Structure formats: C-alpha cells, structure tokens
Amino acid sequence: MGVTETQKLRHCKGRALFCFMLATVWESASGQIRYSIPEEMEIGSFVGNVAKDLGLDVKQLSDRAVRIASRGRTQYFALNFKSGHLITTERIDREQICGGLEKCLLNCEIIVEDKMKLYRAEIEITDINDNAPSFQREEIEIKVSETTTPGSRFPLSDAHDSDLGINSLQGYQLSNNRHFSLDVQTGTDGVKYAELVLEKSLDREEQAVHDLVLTATDGGDPVRSGTAQICVVVLDANDNAPVFSEPVYKVNVLENVPQGTTILTIKSTDLDEGINKQVIYSFKKITDKASKIFRLDSNTGELTVVGNLDFEEASLYEIEVQAHDGGGLFGRSKIVIVVSDVNDNAPEIALRSLINSIPEDSLPGTVIAFLHVQDPDSGENGEVTCSTPSNFPFELKKPLDNYYSLVTDRALDREQVAAYNITVTATDNGTPPLSTATTIPLRILDTNDNAPLFDKTSYTAYITENNPRGASVFSLKANDPDWRKNARVTYSIIEGDRSEVPLSSSISINSETGALYALRSFDYEQFREIRFQVQAQDGGSPPLSSNVSVTLFILDQNDNSPHILHPSFPTDGSTGVELAPRSSEPGYLVTKVVAVDADSGQNAWLSYQLLKATEPGLFSVGLHSGEIRTARYFVDRDALKQSLVVLVKDNGQPPLSATATVTVVVADSIPEILSDLSSLSAPADPQSSLTLYLVVAVASVSCLFFTFIMVLLALRLRRWRNSQLFDSSSVTFSGVPVSQFVGMDGVRAFLHSYSHDVSLTTDSSKSQFNFPKSNYANTLTSQQACEIKDLILVTEELNINNG
C-alpha cells in the first residue's frame, strides 16, 4: 500500500470519528431536538435517533403516522421508518446553504399525525475542508516602472476559500526570485492580504518580464492550496499611483430598485500626466453573485444595477475596487452596498397536516389542520397575522412560532351546515399590507342525533266498507334530517293491548313508503273504527324512533236489504193470517209491518208502500210507519180473503228492498172464520198434459235427425266411391283438402259428433234441445250445412207450436 493510499485511509477514519463525535443530540423543554453533523455526508447517513429521542414506538412508525417537513424547496432529511433514525436525503454543502455564516443551522418539523403533536429539530452543519483556496484571476499582470524604489508594495489579488476557521485561507507563498518578496497582512476583519514587495531595483534592459507563482494555502488536514501566475512587466518611470476620493464608499439602496439604475460613482485622481494619468476602474474582489448584479464602468466609475436585488437573499454587499493608471500604479478602495427591505413578499401558507372530515359530535377544540405561515420580509413587513371568518365555528391557535392549528370552537350540526370551505387569511404589517389566503375544505360527518318526525301529531283516515282486499287506505310520511342510513326510515304498526280488531289480519303498512293497505274487506256493521299506532324508526345505531296515532273510520255502504220482522214467515207450514172485522171503519189498524236495516244513516231510513192487493183501494200502508189500515168500509162484494204485498225500501243509493205478504181474512164471527180458514189450503195442481206434448215433439225431432244422418252418409259413400274411381284412372286432384275424403272411421266420428241431448221439464212450457258443434266441420259442404240449418229451424218451430 502506497503512502498516498495510507494517508487517504487515515483521513477517512478521522472523518468517521469526527462525524460520530459531532452526532450529538440535546432535547430542550421547548419541544426541540438538536443534532450536529458535518457537511458533505453521504446520502442516507445517520443524523439522530428521532424515535428514541421523542419516545416513539418504532413498530408504529409509518409515512401516515410521522412526517418530516423542512423549510425551503430542498428536503435534506427524511425519517427511516424501520429504525426511527433521521437520515440525510441530499449532499449538504455548508458553503452553498449558509455562505459565510459562522453557524449554519437547518430546521425541520416532525409531525406526529395520530397524536397531533409537533416537534422542531435543529441540525447544525459543521464545516470540513472541502474547498481549496482559489484566485479570482489565475493570471495577474503587474506593470512596474524601472525607477520604482525598493520597498515599494504592489497589492495582489486575494484568494478566496469558502471554508471557515482553520479550513479557511491561512497564508500565501511566493516562488523564489531575486527582486520580489511577499508580505502578508491581516486586516481588521481578519482577512489576509498579500502584497508584492520590491526588494531589489529593476532594470528593464536586464530583464523586462518577471514570472512569479503565488500560492495560497489553508489550514485543513490535508492542506489544500491554489496558485496564480504573476507576470511583472517592467515599465518606464511612473511615480504617482491613483488615489480614490473615499477609502470606503457606502450606499443604501431599496431592494426593488429598477435595473439600469446607477447607485454610485467612484472617483480617483493621478498627479501624473499623459498616459500615466489615465485611470481605468475595475473590480478587485467581488463574489460571483454580486458580479451578476452590479456593473462598474471602467472609464467613468459608475456602479450600475444590472440584476435583481433581494433583501431576503442578501442584505449587504462588499466590493473591492481598484484604479490603475497607464504607468501600472494602482489605487484601492471598498464599496459597501446596504440593501433596504420593502414589503414585496406576501405571507406564505403551507398545510402541514389536514383532516378532511370530522363527525358532527366532535368536541370543541378538535384539531383540523396544522399550518406553517412565514413572510420572507423583515421587521414589520415580516410580521404576520392569521384569521378565519368570524361566523364559522373555528379558530386559530399558535402552538409554535410560525405555526397555527385550526380547531373547532363550538359544537357542530351537520343538519344546519354539512360542509365548510374555511378560508385562512395571512396578512403582514407592511405598508401597504400584503395577504395570502388558502381554503381548507371540511366535510361534517353525520351522527344519528335526530329521530324521525311525522308531518302531523295524529292521522285520521276513511275507508268505505266492502273494500277490496289490498286496497290502499292512505299514506303517512316521517322525515329524518340525518343522512344516508341514519335518515332511512322504516314504518311498522304497533298493536295495542286493548285493540278490539286484530290489526295483523286487518291492516298492513309498506315499511319503505309508509302506505297503509287493507288486508280484509271491512264491515261497518261489525266495527266502525280502528285505532292503532304507527312507528317510524331510522337506520342509525342505536336507532331512533317516534310514534303517531292513527284512527281509521269505516264508512257505511248500502249493503243490507231491509229485514222483515213482522209478519214473520211461518216455519210449521201454516199461513199467517191477520183478522179484520167486516164492520171495521176506515182507518182501522189491521196490522203493522215491522222491518229493520243493519245499515246506518240514510241507508237505514225505511219507507213502506202497498205493492199489490186483492182489492185495490181497500187498504193503505203508512209510508214511514208500515201500518196497514182500512181505507174504506167493507162491502159484500169484497172477497173474504185479501192478499196484500207490502214493499219495504231503504233510502240508500241504489236502494234495496224486501217484500212482505200479508193475508187478511174478513169475518164477523169465529165459526165463519174457521170455515174460511179451511178453504185457504192450496188446491192440488191437476195433471198437466204438457208431458204428452213434449214426448211427441222429441219423437218428431229424432225422426228428422235420423233421416238427415242417413242422407249425409249416402252422400259421403258416393263421394268415396268416386274418389276410388279417380285413383284407378291415375287422375291427380291438386288443391282438394284431404279432410274432404273420409272412410268409415270418419262417418263414425261424424255421427258421434252430432249426438244430441234432450232436456224435458214438467210444469213448464219450454224444453231444451242441445246440439253440440261438430268437430268435423270440414267434412260438410256448404249445401249440407244449409240443410242442417233448416233442420234446426224446423225443430225450433215445432217446439214453439207444442208450447
């Protein structure tokens, strides 16, 4: 192993030990943890054990449970969820991030989502010797008059080293020569300046150009260095160097100054004349960033802004300028530019954590979101105030600097407001003030906090009796202001203990729509109303319900005829008889027809009228009383037995009626009455001769039918014979239906199809002949069909004549 490789190995071990010693952590009472690491560490390097320092369970770590939020556009750190370690995600260049700051700090926030806690981590980036000293110009040309006396000094370009402390620029070295030496001085700001000192007089004729090497070294381990080539050109005598009017120029400028604005003009004088008096201005020392913002006119000395100034990026610029005349003499000065802040940056709002929905029964103080608010401006321009709409049930709290938590400040009600668009406005204190707003959507989740509510406190419905089964009675509706299943209402019937009607077999309800249906046909005469309760229950957990009383009235229908109570129909075969003395005067009450109607209202209003009487005008019936009274005196021609038919009719629509037959016997003495009653028995009917007539008629019809059958059979046999002859002659009949040619089986079927029934009745003048329709209609020609029709007409005429 060579010496170089051995030194590299020792250097790597030293860096590892240095990193281990710097990776220390402190936890303060303010909720912050601090780490220290060197710059330029490999990606994925260990920074600190966050899980251990914050007391978090490594098994429960996930990208949803714990998040790392860093300021700025670049995320330098991440959390290893398996080990709980904070690791680097980018190479960290201290000089790029912090520039010349003595202490370089990076901040990040650790958000624990499930516990809604927030921690701040501060990581200090320590410097390592990763930058070598470098000169702004690698070739320096110095013109020196040959008359220059020994001891004269010539300023050299300074080397720049971005590192700090011991790793920064420590000294200069000059290559060996006979005429020049190097003098290194340290300024009040600690910066080392190198000057070239003439030790021995120059002789242009002896040597016109001197080439020197200037080396700048730092104090790191290993030591890094940079070189610049110095070319000393020996000139003729020029004994006066340019002198600036001010050793330090200081100017204040606003950060929003327009490009092209001249902010300063430097001026120097040279007592020489001619070409040695002409002065040229140039930057001696300027950073790369400043060189892109400022431009120096080499002839006039005007300093012009050519780039964009930003107070938030840099508030101070220091530039060294020099003036050299034509003889090679230099003068040096410094320009200090102070950038003043203006309110040109609006506050920035970043959402670190957000909950999109919360239940409506969430307690006041529930955290909805974490917001990080900052303003890059300084002073009052960077002071930010956050606010939310005053009419919203939310407020902002400030747990840490630049952090706000959005929380609820009172109870929520989804039925009033189901969703919010919360506008958070951040406003700075600048003049004029600038503001930024962001909108946070929040959805309120429903809880089952509302029971279904009916439209009415009680319901009354009507249905006419004799309704069809399954008829719709009416519908009721309950509303639930909740959402989804909490608002899904189901209906059911509650059957009370005192219910006179079995509800389960009488009424049903559609559990989804609340429509009531009749399961049976109601009868007003059985019951006139049904009282029950309907329950509406939502689908929440636990479910909520409400009840309502329902009264169903049965409306009467005229479905009952009047029922005769008197005179009652005798059950022993005798005939009920009412007696009226022959000497009765007009208006004599013979009897009274008594009837009732099971209906109600006008359907039960009964009226009586005399429908039929043996002697019209002899008796009268009370229209509403049903009393049968004599209308005149009896005379000798009046029959002993009077038969009255009384019609009892209700007042329904349509009206229903019943009749009562009253037999009134007119007699003055008991023996007369008895003799008359014996003659009231019904005489036996004489034997009717109708039977004989019916037998003759049936016999005639049978003969005619038999004759018709024989004729039809002969026609069929003739056609069959002709078809056999045609077949033997090889004649083909196309278009003739097969059903027109039948054999004996067809004849039997035809005879069977034309069998007939004869129905005879006694004590009647009508008899019935049934001729079934033929199943073989296709076997008859149109002429035969006409013959059958005539036969049937003849039979009907015979029946009429016999009647």
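Cβ atoms are placed via backbone N, Cα and C, with glycine included.
What TrEMBL lists as signal peptide is 1-31.
Residues annotated as domain 'Cadherin' in TrEMBL: 29-135 (among others).
Mean predicted confidence for the domain 'Cadherin' (136-244): the pLDDT average there is 86. Summarising the annotation, TrEMBL assigns domain 'Cadherin' to 136-244 (among others).
Taken residue by residue, the domain 'Cadherin' (245-349) breaks down under DSSP into 8 helix, 50 strand, 47 coil. The domain 'Cadherin' annotation in TrEMBL covers 245-349 (among others).
For 357-454 (among others), the entry in TrEMBL reads domain 'Cadherin'.
Annotated domain 'Cadherin' per TrEMBL: 455-569 (among others), in sequence order. Helix, strand and coil counts under DSSP for the domain 'Cadherin' (455-569) come to 7 helix, 49 strand, 59 coil.
The domain 'Cadherin' feature in TrEMBL is assigned to 581-685 (among others).
TrEMBL lists 690-715 with the feature transmembrane segment.
Recorded stretches compared: 245-349, 357-454, 455-569, 581-685; the one with the most Cβ pairs under 8 Å to the domain 'Cadherin' (29-135) is 357-454.
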